[in-house]
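A.B. asks: Have a look at this one.
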Amino acid sequence: MAKSIDVSDLNIYYGDFLAVEGVSMTIKARSVTAFIGPSGCGKSTMLRSLNRMHEVIPGARVEGKVMVDGQSLYGPDVDPVAVRRSIGMVFQRPNPFPTMSIYDNVLAGSRLNSRKLSKADADDIVERSLTHANLWNEVKDRLGKPGQGLSGGQQQRLCIARAIAVEPEVLLMDEPCSALDPISTSAIEDLIHELKSDYTIVIVTHNMQQAARVSDETGFFNLKAAGQPGHLVEFNATKKMFTNPDEPATEAYISGRFG
Amino acid sequence: MSSTVALSHAKLPRWAPALVGVVSLAAAGLPAMLLGWGLFAWLVASVLLFLAALPGWSLVVEGRRSAVDRLMTGLVWSAFGVAVLPLVWLIYVVVDQGAQAINGEFLTYSMRGVIGDEQGGVYHALIGTVFITLAATVVSVPIGILTAVYLVEYGGRSKLARWITFLVDVMTGIPSIVAGLFALALVVLIFGPAFRMGFGGSIALSLLMIPTVVRSAEEMFRLVPMDLREASYALGVPKWRTILKVVVPTAIGGVITGIVLAISRVIGETAPLLVVAGATDGVNFNLFDGRMTTLPVFIYSQYAQSTPAGYQRAWGGALVLIAIVMLLNLIARLLGKLLAPKKA
């Protein structure tokens, strides 16, 4: 089910502005890949281009290749909606649908697409996804309550449950813990470890300790100078990145001498 | 002296504003009685006295900042009174005058064959108002909401979207009689010069309603956070389903409130309906053929008779109209509350 992603020579533009330049990397299946780097260096843009979410912003476009298991994401006959169905995403701020209960939020992927589900199947998906997201025990008695009544950390786990309920092949996470307290963060990091066995996970984070804790491989993005496009400085196994990086710039960033 | 800052200072007692209020009323009452002022002049004089006395007292006891605070608080309350008083007065007068006219017969009979001081009724006008306004709503709401969806979700900053916004703004300023003449021209062009129908009135009213609906729906759709749209896209939901199932349901409470406000705004229109739908004494259930009277037109024509019975019926019609608008507002509030996103 989980798939690997090959990126080669990817340039991402907003209108005429080149935001990210010349990225090539291979993201392995069933592993956690972290993107780190200073603000504005294009990590989130890069992440969003992996499921064509950046196209939501008017004028955004991409040059280069992104291949998921040998299929190009940017081929002329590729439907972005189909891409997003198989590559799920969790956002920085928890965003459960305010009009829906916890139960319906988990089923949102099916409900919004008007897919018919039997009651038993629906119950099964809800329980499985919430259990997977470590939220089942906290909410099983109030599935009919609005999703926005949960705490921030619970809401974020609800969003993760919602994303995995549609059984994507890849899960993209855009700073999923930046709005959360340490306890909720640790719950989500545990969750990432568990999800790794089934999904390919790509996570953007500002927190280098978090990258070191959860990821198998890490990509470091940086800007050459303000106003210049972001680029990938180094992509390596996380252990190597944090002990003996190839690039001096990476070491400077990770050791706190810079940025 | 140490540099300690004094954290407490003298304060007026809590009942000070009430005391000054009573004293001002009494003090202004003296010249009012002696010089024979009316109620209105007495109230104005009391308010002015109050606005001078309370800050003055406060300045002596509490200091400058508190005095300014009391003055501004007083001004705000006075402005509130000025704004609300006419409204309360209007409702009082209409209910007082109109209640005498209301009875079972008034609500269930038309004016057909009613001569002079005989008891007549608003039934035909009630039917006319309900039918014409309903038809106008049915025409304007889809157009208005779809326009708003285009402006917010598809138009972006395109030239077409900016033109539509501009034209909607212009439409907001159309005098209602012009809308009426436009609808008349349209009906006459299609059906011939002597043709009148209630639906023509609906066309005129929708011209007045559409800009209000577009504007309020647009505001509400813009308030829906981008996060929710992205969450939906990221689940592989196409844009049209996202709009239909995420954006619209999230905004529906406010959209309904906007629609009801638009209805309340046009339900009292007289001129365009007089022109297009005409006036009649009888009940007409057919929107597409024959003249139809609405409540404002009924009020106008009864008032124009200049007889005591006519005035009486005009007040009765006004009360019925206000009651309908009030009811619509209550329904809108209820729907808004029921449909708004729930918090735990």
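Cβ atoms here come from the backbone N, Cα and C positions, even for glycine.
Copied straight from TrEMBL:
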DOMAIN    B:126-332  domain 'ABC transmembrane type-1'
TRANSMEM  B:12-33  transmembrane segment
TRANSMEM  B:39-60  transmembrane segment
TRANSMEM  B:72-95  transmembrane segment
TRANSMEM  B:122-152  transmembrane segment
TRANSMEM  B:164-191  transmembrane segment
TRANSMEM  B:197-214  transmembrane segment
TRANSMEM  B:246-267  transmembrane segment
TRANSMEM  B:314-335  transmembrane segment
A.B. asks: May I ask for the residues of the chain that lie six or more residues beyond the transmembrane segment (B:197-214) and have a Cβ under 8 Å from a Cβ within it?
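C.D. replies: Distant Cβ neighbours of the transmembrane segment (B:197-214) are 128, 131-133, 135-137, 139-141, 143-145, 147-148, 151, 168-169, 171-172, 174, 176, 179-180, 182-184, 186-187, 191, 258-259, 261-263, 265-266, 269, 272-273, 275-277, 284, 286-292, 294.
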A.B. asks: Name the range, of those listed as B:12-33, B:122-152, B:164-191, B:246-267, B:314-335, that has the largest tally of Cβ pairs under 8 Å with the transmembrane segment (B:72-95).
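C.D. replies: By the under-8 Å Cβ criterion, the transmembrane segment (B:72-95) pairs most with B:314-335.
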A.B. asks: Could you give the residue numbers and ranges of same-chain residues that sit at least 6 residues beyond the transmembrane segment (B:12-33) on either side and whose C-beta is under 8 angstroms from one of its C-beta atoms?
C.D. replies: 41-42, 45-47, 49-50, 53-54, 57-58, 61-62, 66, 70
